[in-house]
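> Below, the features straight out of Swiss-Prot:
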type: BINDING; residues: Asp8, Glu57; note: Mg(2+) binding site
Amino acid sequence: MIIGIGSDLIDIRRIENSLQRFGERFVNRCFTDIEIAKSDGRKNRAASYAKRFAAKEACSKALGTGLAQGVFWKEMGVVNLPGGKPTMQLTGGAAARLREMLPVGHRAAIHLTITDDFPLAQAFVIIEALPVAPAEGTV
């Protein structure tokens, strides 16, 4: 069952301006080490950061909190599954909020799509609650 949906659309030039104006301070405040390594290695660095920024905004909306109520930028990070599909990795207050949302006997799956077409970057997040299979030998 779907328990959260969020989307965000951002102007890449806004992130480009923040990178130029605030540099490392902006990057280190908003992005995880994995995101920094991934984005800094890209040809279009600003677009890469913009997609990840939009993903964080979309995820915070799917959590139902926005960037408030104990949910912070660096607690939501874009990571890739072994096949390359992007998803969100949550820690701290973001992970706690996700646990609060989950019905008993369910686990979360976070679906993420990110894209860019200059000057825009977009992200869409769906949080799904999936039933956990009972352990063998239990009733």
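Glycine residues also receive a Cβ, built from the backbone N, Cα and C atoms like all the rest.
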> When you measure from the Cβ of Asp8 (Mg(2+) binding site), how many other Cβ atoms are you left with inside 10 Å?
20
> Applying a 10 Å Cβ distance cut-off over all chains shown, what neighbour count does Glu57 (Mg(2+) binding site) have?
21
